[in-house]
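Data first, discussion second: the structure below is written as structure tokens.
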Amino acid sequence: MGKSQSKLSQDQLQDLVRSTRFDKKELQQWYKGFFKDCPSGHLNKSEFQKIYKQFFPFGDPSAFAEYVFNVFDADKNGYIDFKEFICALSVTSRGELNDKLIWAFQLYDLDNNGLISYDEMLRIVDAIYKMVGSMVKLPEDEDTPEKRVNKIFNMMDKNKDGQLTLEEFCEGSKRDPTIVSALSLYDGLV
């Protein structure tokens, strides 16, 4: 993507129509908004964290925003360009449940080894708890990140090896109504 393009080329537009769940008009609107907010055509980690802070003013979303940024930044160059942004937005807002679960798995799999360790899950859940702050009243069996992660691993880690495969994560998530509802949070919003 060029730095100061005001419109997507026809080739770029066709490519994005094929790889997202947005139509041409929506893509052009998102593109315009992206460049209005990011005139350089790139969003860096600190800018991304500032955006999250606006949505979670009563907590500290910086760690969680960093984890999300790392999944959005598909080519790992330290910036999110429009294509990376719109592809991730497409999955999180309009994707099928399985697509969302794969995306969420990538979020939790911090070292990208194809497994989610207890520690990786704990780091993400801890970041989520810090982000929501005191806004959410949690049940007693989930009122600390450790309790929540223990509950998740007890439910999902079928072979009890201390790590979750993609299959274990997807199957377990589908059985947990709180995970399914969290993954459906943005449905229909964009």
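Cβ coordinates come from backbone N, Cα and C, glycine included.
Keep in mind it's a predicted model, so treat the numbers as computed, not measured.
Going through E96, E120 against Swiss-Prot, the one listed in the Ca(2+) 2 site together with D109, D111, N113 turns out to be E120.
Counting only same-chain residues 6+ beyond the ends of the domain 'EF-hand 4' (144-179), those with a CB under 8 A from a CB of the stretch are 97-98, 101-102, 104-105, 108, 114-118, 121-122, 125-126, 128-129, 138.
Taken through DSSP, the domain 'EF-hand 4' (144-179) splits into 25 helix, 2 strand, 9 coil.
Secondary structure at D109 (Ca(2+) 2 binding site), as computed by DSSP, is coil.
The two recorded residues N159 (Ca(2+) 3 binding site) and D111 (Ca(2+) 2 binding site) have their Cα atoms spaced 21 Å from each other.
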